[in-house]
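Just lifted these from TrEMBL, have a look:
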DOMAIN    12-94  domain 'Phosphagen kinase N-terminal'
DOMAIN    123-361  domain 'Phosphagen kinase C-terminal'
BINDING   126-130, HIS190, ARG234, 285-289, 314-319  ATP binding site
Amino acid sequence: MLIAFMLRNILSLKSGVQPRCEWNRFVFSSLVSVQNHVKEKCGWYLLIWQFEPRNLVSSGIYNLDAGVGVYAPDAESYKTFSPLFDKIIEEYHGFSPSQKQPPVDLGEGKINEFPPLDPKGKYIKSTRIRCGRSLAGYPFNPCLTKDNYLEMEKKVKNAFDSFTDPDLKGKYYPLDGMTKETQDKLIADHFLFKEGDRHLQAANACNFWPKGRGIYHNNDKTFLIWVNEEDHMRIISMQQGSDVGRVLERLIKGIKSIERVVPFSRDERLGWLTFCPTNLGSTVRASVHIKLPKLTARKKEFEALCDKLNLQVRGIHGEHSQSEGGVYDISNKARLGLSEYQAVKQMYDGVKALIAAEEKL
């Protein structure tokens, strides 16, 4: 088959060939450096694997601008193909094969450490904390059958139905058979996710769309869950303003409530397992939409300070987007090698420092 032929060629590339793009930086260098190890330890299982090799690297093959371009078709892949994934994880996260993800610490009992960052509402527009979760016992998107999707959807719906906390109670909206009225409503609320982009399409992650996919949100629209988009679940807590503690508290309640009904997939070394290796570990992305007119006018100084504080800067519409009206999306940069609480604290302390820098100008 064509993909097997392409992968065979990649595995036989000589180290003298120079990488040409971002995809090469991860996929090319990783495959070249581990090709002999993979052949020795995994054999040509890579080429006859029942899930097909395209599920590993095809996104990077067909999207040469991909940041990583490698996805894990199932939880076991992180061990089966550890010569490949360990290289990527070490380069992307700075997390070596000898390191281990800390024990789970969601931040319970520490909410009072996160009072509102901007109580007067001068800088911060909104706060959001999200995490990814995979259901134990199921592979990731490329290997899921139609029945798997429907079975998983039923399980998470049972979890949603078990919510008793008013802060979490709401409604589930399946994408399959969704009316235009509901669709327009969810689009207006900026809740609706679309079928995967070209990177996910190439990773074979959109099979049987829209079967088994859906969106849950609470009555206040401050707690949101995406079902079977990129990961099995994306759990999101958000609200206007800067009350990080309140947002985290709601997220913790949601995670714990779901986990009582549906167990999640976790690895002792890598933490919570996700489809893309960039999201491993705590999986937490804590962010604010913030406007810092004086500081951001000094672009190089602003970017250098964010880098020093381990903060990631994006436009308000996600990665690769631009700022609108001077508003930026600022989040913790690290996911792996720190606990959930530490990931939130990284964002909190960093944004606090940015506001202090703005007020000094």
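Just so you know, glycine gets a Cβ as well, placed from its N, Cα and C.
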State the three-class DSSP label for ARG314 (ATP binding site), counting H, G and I as helix, E and B as strand, and everything else as coil.
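In three-state terms, ARG314 (ATP binding site) counts as strand.
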Using a 10 Å radius around each Cβ and counting other Cβ atoms from all shown chains, which of the binding-site residues SER126, SER287 yields the largest count?
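Its Cβ has the most other Cβ atoms within 10 Å: SER287.
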For the binding-site residues ARG234, ARG314, which one has the sparsest Cβ surroundings, going by other Cβ atoms within 10 Å?
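Each of the binding-site residues ARG234, ARG314 was scored; lowest Cβ tally within 10 Å is ARG314.
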Given a separation of at least six residues and a C-beta threshold under 8 Å, show me what packs close to ILE129 (ATP binding site) in the same chain.
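Residues satisfying the criterion: ILE236, SER237, MET238, VAL244, VAL247, LEU248, LEU251, VAL284, ARG285, ALA286, SER287, VAL344.
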Under DSSP, is SER126 (ATP binding site) part of a helix or a strand, or is it coil?
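For SER126 (ATP binding site) - judged by DSSP and reduced to three states - the answer is strand.
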